[in-house]
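Novice: The transmembrane segment annotation in TrEMBL covers B:21-37, B:43-63, B:75-92, B:98-122, B:134-152, B:183-201, B:232-251, B:271-293, B:305-331, B:351-371, B:392-411.
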Amino acid sequence: MTFRKTAILAAATSVMAMSAAYADTVKMAFIDPLSGPMGPSGEAAYTSFILAAEHINANGGVNGNEIEVTGYDNKINPKESLVQLQKAIDDGARYIFQGNGSSVAAALIEAVNKHNARNPGEEVIFFNYAAVTPAFTNELCSFWHFRFDAHADMKMAAITDWIAKRDDIKSVYLIGQDYVFGQAVASAAEEQLKEKRPDIEIVGNELHPLAKVKDFTPYIQKIISSGADAVITGNWGADMQLLMKAAAENGSDVPYLTFYGGSKGAVSSLGEGGVGLLYQVTEGITNLDADDEQYALIEEYKERFPDYDYYYHRAFNAMEMFVKAAEEAGSVDPIPVAKAMEGLTIDHAYGQATMRAEDHQMQQPLFISTVSDDVKYGVDNIELGWALVEGGTIDMASAEQPTTCEMERPE
Amino acid sequence: MTDTTVQDLAPSSAQKFRQRTLPFLILAAILVAIPMTGPSRTFYTIAHQMGINVVFALSYNMILGKGGLLSFGHAVYFGLGGYLAVHAMGWIEEEAGLWGAFPVFFLPIVGFAGGALAGAIIGWPSTRKAGTTFAMISLGVAELIFAAAFMFDSFFGGEQGISGDRMNGTQMFGLSLGPIDDVYWFIAFWMFVGILGMWAFTRTPLGRLSEATRDNAQRVQFIGYNPQKVRYLVFIFAGGFAGLAGGMAAVNYEIFTPDALSLVPSGFVLIMAYVGGIAYFVGPIMGAILLTYMQSMLSDFTEAWLLYLGMLFIVIVMFAPRGLAGIVFGFLDGFRSDDRGAFLKSWFTTLAGGFLMLIGLIILVEVSVRWSNGYGEVYEPFGMHLSHTNPLTWILFLVATVAGIALTYFANRDKEGAA
Amino acid sequence: METLVFGLLNGVSYGLLLFMLSSGLTLIFSMMGVLNFAHASFYMLGAYFAFTLSGISSFWIALFIAPVLVGLVGAVVERYGLRKVHANGHVAELLFTFGLAYLIEEVVKIVYGKTAVDYKIPDLLNFAAFQVYGASFPAYRLFIIVIAVGMLIGLWYLLKRTRAGLIIQAALTHPHMVGHLGHNVPLIFMMVFGIGCALAGLAGVMAGNIFVTDPAMAVQMGPIVFVVVVVGGIGSLEGAFVASLVIGLLQNLAVGINASFADIFGFIGLSELSEVGRISISSLAPVLPFLLLVLILIFRPQGLMGEKEL
């Protein structure tokens, strides 16, 4: 993409005065889909990293070095991602960002582990900003992998915590995509609900094939006739949008608690029908109370990238944590930075976040929000936006999950 | 008894050498020479992908170009062969049974077996008919297998797939297969074997019969062969070679995910083979090299690479139906013809015209994409500032496009005049 | 009981939507032998055109104008693209439409943006028609049924009862003979392609607002259309109609069946915990059409109501 080059150029010229002071460039590679059907979800995150890097560079960079984020289009294909990874490494990148698709993340974790073992002195760190399969910070955990998003079980803990507080919810319906992730979400929901609210009945546990269903109406009518008081789904992409559209159209009026309700276009495709229907769990939403600096950032993002909304707050967290770790380590080299990052805490706009040393899983407060027409910032360029629900703040400790990780660290 | 001597139509041994042996010697020489130039790891990575795709596209052309069977599900055999190879890689690591002694270097053989077995099972019902029936069955089967891939985690590993480590088992030829330049020899070896094997296949009676069945199944039946059986056998071999490519991919990437079985790679292999030219043996090789490069590198330059890819097919299908190989051989034939001057003039005029139209197209697409994104960035080739409000943009676009169309028109008018 | 009622209602409305989408392809496929991979792209164009038109005028105007526009685009594609490629055989035609699908998707992205547009159901039809077992049946779905049935009747009348329809049918089987009789066969082909695309466009107008109108909608609908056409049988509009309904009903009714393979085949010892036993019928619903496709092609290659084999 030439876009990234010009964006960096613009960033560079805007801080022309200080650019002479930079000692060197820290190259970071963003490997995610930037074209095709999944292109927009990659680009929304990519633009966030670009903006975060610009802000850091404007403040003097990291240890006097300039950050350069370069996009590599992996077409959301695991094999193609490995090709792009090699390109990124050869271009001098030592830090990799990726998030779309657990299949890609799994392939990259494997590849980074092998690369680092086979090429000592040339280590690469993988910053995972959105792939939420719990295994990545459990049995598959790696010293070279850091996750900035809450994983599926943590998000589920937030959802079940909220449900536990709601006495009016007596029965829950689970619907998800029929593959590892969807199955993991369903079993986590069952387990946690049993523990927190044994009286809740799970009236349905439905799995449908991934990205094959065109019309969710029959599923919705199953949900309605089951009499469920709430629905939990880990669906993403078209499966999430079509599910919600069918729910709104068929007059389902219970909360749909989703992981990915905040995806681009979901709110606008539902319109008013989404109010009180669509819920999501995230590490932050634009309509939370924050300082003016955060509001300015949200507005700057919207102005620069009018197609997208400020959604990837964790992209900014990841960058902030990287800068802090590099400053503590006094270096921008991967191993010292990775070691400094372990156990590091940052204060961000919506609370604190700590990188747990045992498994490299970010611990942070989570928020349950729903679509509302009474908000400061709308999404998808309409009036509707996300508002925190009552009791929707889940503190860091409640969302925390144990880990089975036994990490091997380099000397 | 007449005294007319029978003219010997068989190729002389010099022709045999030039047409059969020489190309393979050149290929081997190129493969040996590449590492001497000290290429980067990125180059190796792309080259490995090309090697895999060359074998995959050639295997596809065994059924499309040589057999006349259009398949939308060829990646199934690539994927199943590859999956079996990745599992075998795991068995080697665990030293399960005799696997401990099996060298990773020979995993493509396992892939071949897997692909051929899958071809034998799926091919049985689907090759009974040719034509559209076959094409539609392949589409249905591909969708079914892809859906099954997410249901049977023990074999397919769910979304995350199955991964392995190639640095286990017996080493062959002193290659640990760890560093990327070790893997190069592995890929080069198997690509050479694959190309040689599939070329040799075209020389076998079965290979010849396959072409005959494509052209006229009824006549094949008249001379006593069963076209269904011919199609079935060819299909098994094509599946096997696709599995061989899958085995190469298994060792190269050390991971296989269900994406490898989906309709996307199945469509991509069709495109590679067709763009290269299905009527020529080397066609799919050319197509695989060009499209692999486009897939991995073009996205660095433009986010609209899929648009260019779509246009490439359309242009090839409409104006060069014999593919890239057709263009190259057409040029060589024209170059050797008596009227070389006129041919070259017309050829280069067309080329210049096409080039100008391409410039016009690129300006249009790049400016539109930036306008559509609304990030306020501007297309700046060679330091020019081409925004959508700049008249220069539209002047350049119009001049290039009109001049290009005019040049091509004149080149073709000359050609028609000469004919 | 309620599962059955829901399954029937939804099956019929979804099936008829499929019929709208695939009837055009049946026409094109049976008359011209073209496996039009871009057919779903014309469906997408219909939705986007309707979005634009209903923005500047109203849904009701879009309902008539958008399919016509899509039909015109289709006719242009046939005249300046497909016709030239025709001489190079069916694979070339197919690849042409393959490339066209990419082209349309990317152009739509440039013009309308990469993410979903807000194409809404008209207010006039945005209410619940009736309630069954607590779930409401949207009026818009009834409207889809009405439009689809109207389209079927119109199309059937055009093909079987008018002179133009007779010529089209004749051109299907004996293009040279029709040509010798003085009819312009290429023009007929162009019109058939245009009408086929317009029908896909109409499906897009109807479906874009109950599903999501975004650049990926064509890819999602692509393969299922072929299933309908092939299962129905080549050259048979009635077949496509029956196949659409069968597939619509099959998918919707299967969703209601919670039984797993272990429940059904438990008597031969299939365990609930094994990978095969775990699979439930409802989770298989969306892939059933492809199973049907393969079985039909193996055991009845002419399709449900086809007049000739593929």
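From the backbone N, Cα and C atoms, a Cβ is placed for every residue, glycine too.
Curation plays no part in TrEMBL annotations; they are all automatic predictions.
Have a look at these and tell me how they're positioned relative to everything else.
Specialist: Tertiary neighbourhood of the transmembrane segment (B:75-92): same-chain residues 56, 59, 99-100, 102, 104, 107-108, 110-115, 117-119, 122, 141-142, 145, 149, 155-156, 162-166, 168-169, 238-240, 242-247, 249-251, 254-256, 258, 260-266, 269, selected by CB-CB distance under 8 Å and a gap of 6+ residues from either end.
Panel annotation: around the transmembrane segment (B:134-152), residues 69-76, 79-80, 122, 125-127, 158-159, 258, 261-263, 266 of the same chain, lying at least six beyond its termini, place a Cβ under 8 Å from a Cβ of the stretch.
Within the chain carrying the transmembrane segment (B:232-251), a Cβ under 8 angstroms from the stretch's Cβ atoms is held by residues 51-53, 55-56, 58-60, 62-63, 66-67, 69, 74-75, 77-86, 89, 104, 107-116, 118-120, 122-124, 126-127, 164, 166, 177, 183, 186-187, 190-191, 194, 197-198, 201, 206-207, 210, 260, all 6 or more beyond its ends.
Beyond the transmembrane segment (B:271-293), the same-chain residues lying 6 or more positions past its ends with a Cβ under 8 Å from any Cβ of the stretch are 46, 49-50, 53-54, 56-58, 60-61, 64-65, 195, 199, 202, 309, 312-313, 316-317, 322-326, 328-329.
If one looks beyond the transmembrane segment (B:305-331) by at least 6 residues along the same chain, the residues whose Cβ comes under 8 Å of a Cβ in the stretch are 271, 274-280, 282-283, 286-287, 290-291, 294, 298-299, 347, 361, 365.
Cβ atoms under 8 Å from those of the transmembrane segment (B:392-411) belong to residues 346-347, 349-350, 352-361, 363-364, 367, 379, 384, 386 of the same chain, restricted to positions at least 6 beyond its ends.
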Novice: Are there three or more C-beta pairs under 8 angstroms joining the transmembrane segment (B:351-371) and the transmembrane segment (B:43-63), sequence spacing 6 or more?
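Specialist: Answer no: the transmembrane segment (B:43-63) and the transmembrane segment (B:351-371) share fewer than 3 Cβ pairs below 8 Å.
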Novice: Could you give the residue numbers and ranges of same-chain residues that sit at least 6 residues beyond the transmembrane segment (B:183-201) on either side and whose C-beta is under 8 angstroms from one of its C-beta atoms?
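Specialist: For the transmembrane segment (B:183-201), the far contacts come to 24, 27-28, 31, 34-35, 44, 47-48, 51-52, 54-55, 58-59, 62, 105, 108, 166, 173, 175, 177, 207, 237, 241, 244-245, 247-248, 251-252, 281, 285.
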